[in-house]
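**Q** Annotations for this protein, taken from TrEMBL, read as follows:
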- 129: active site, acyl-thioester intermediate (ACT_SITE)
- 221, 269, 273: CoA binding site (BINDING)
- 13-186: domain 'Hydroxymethylglutaryl-coenzyme A synthase N-terminal' (DOMAIN)
- 470-515: region 'Disordered' (REGION)
């Protein structure tokens, strides 16, 4: 397993810190967006073409943020035969709040009980869809700091995205992504290459403490997203230019320097527009673009536009979407599998796009590539950063294992159960009426859940929640109605066989990064 570098290989920094393994969970049922268009009495293509969405996953009252995160964590641990003792940090990024004090992370700690490991740093991080990225940065910073004790960090991004009846409802979704972070990773963070933009705005927020539904200013939200993308790309380019200049190169960074680009995806059409937006930035920043031939051909009329005046300029949008069509096909389209088929997962959205990209390429196709990732959370917080894929794509390598573990994504998406828009609407109404109740027993069926899925069994009179897990095999009895990890840990090897502990001193005091 990557991450188990011998002490002699470690310098003042752990080498190639990044994502070693990923796991994705989405609900086992979905509603078809074309059928939802008919049910909502809107024009054909409003959701499927206008938003670029085909299907939307959703949760019944049997699933909540705790169950989603329990499921994805246990699935990652089991599929990678990891010991819970090998985890030294666990942080959850989510905006799905069911308790204003108790973190989702502490609920997940029940999976660690049989291992006896309670020495696990991290809690929850919240800022709309950005919380998963903040948690991931914290994990990377921990491994690259003097606090690191040689164990893995585990990052979980999970959310249930639901909206009140209306135009925003088809942009919902649900799911969770778990990522194992450590050194010698097949997806390594490029040091110093993060462009961040933070600003105050009420574009999307959740002020009602008893409702799952947000307050959304749709137009402002798009403007905030695109303006943040502009700023983050500018900062990122300045930082990579500075690195290149220190190395003696005067090369200009453009979109072509990304092998692939993934985005936070509220809906697929916005992602396509976002890639076009980056091309607009390349065009406007170029000292003398060739508008006769090449990618900027025919764009001379837009040479003097001001970016802040083009967020809703249809002429600019249409021209640059056309000009960037080939870039979109090559660098971004494959990342939209989960987004198109499951919807917006909020914090896991950009990581679902990353997983989709990896799942649809061979190790040799992505080896050595730079992947740009844009993460956005309303309110608002955004970062554009990059990952460098390892060159090693040999059979059995870390990259080969990562790609292999995600190859079943499309099969899993296709195995879900389609339900009618009427049943979907009934489920939304049930969640609306019951998600905050005490003394509640969920009504949703459990037999349609994927094997190995944790689900809510009851909420007692003090709002304490209990969960059971569907067995991995259908013919096995259900596990006890309290979260226990005994079944999961019986076959897991000792941590010494997976990742030897490396004393914190081996990282050296120079490895500390302020968070």
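Every residue gets a Cβ built from N, Cα and C, even glycine.
Where the annotation comes from TrEMBL, it is an automatic prediction and has not been curated.
So that I understand the layout, could you describe where these features sit and how close they are to other parts?
**A** Sequence-distant neighbours of residue 129 (active site, acyl-thioester intermediate) (same chain, 6+ apart, CB under 8 A from its CB) are 95, 159, 264, 346, 347, 349, 375, 376, 377, 378.
There are 21 other CB atoms within 10 A of the CB of residue 273 (CoA binding site), with all protein chains counted.
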**Q** Other than 221, 269, 273 themselves, what residues in this chain have Cβ atoms within 8 Å of the centroid of the CoA site's Cβ atoms?
**A** 222, 225, 226, 266, 267, 270, 271, 274
**Q** Just how spread out is the CoA site if you go by the largest Cα to Cα distance in Å among 221, 269, 273?
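**A** Roughly 14 Å, rounded to the nearest whole number.
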**Q** Radius 10 Å, atoms counted are CB only; among the binding-site residues 221, 269, which position scores highest?
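**A** Compared across 221, 269, the most Cβ atoms within 10 Å surround 221.
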**Q** Mean pLDDT for the domain 'Hydroxymethylglutaryl-coenzyme A synthase N-terminal' (13-186), as a whole number?
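**A** It averages 97.
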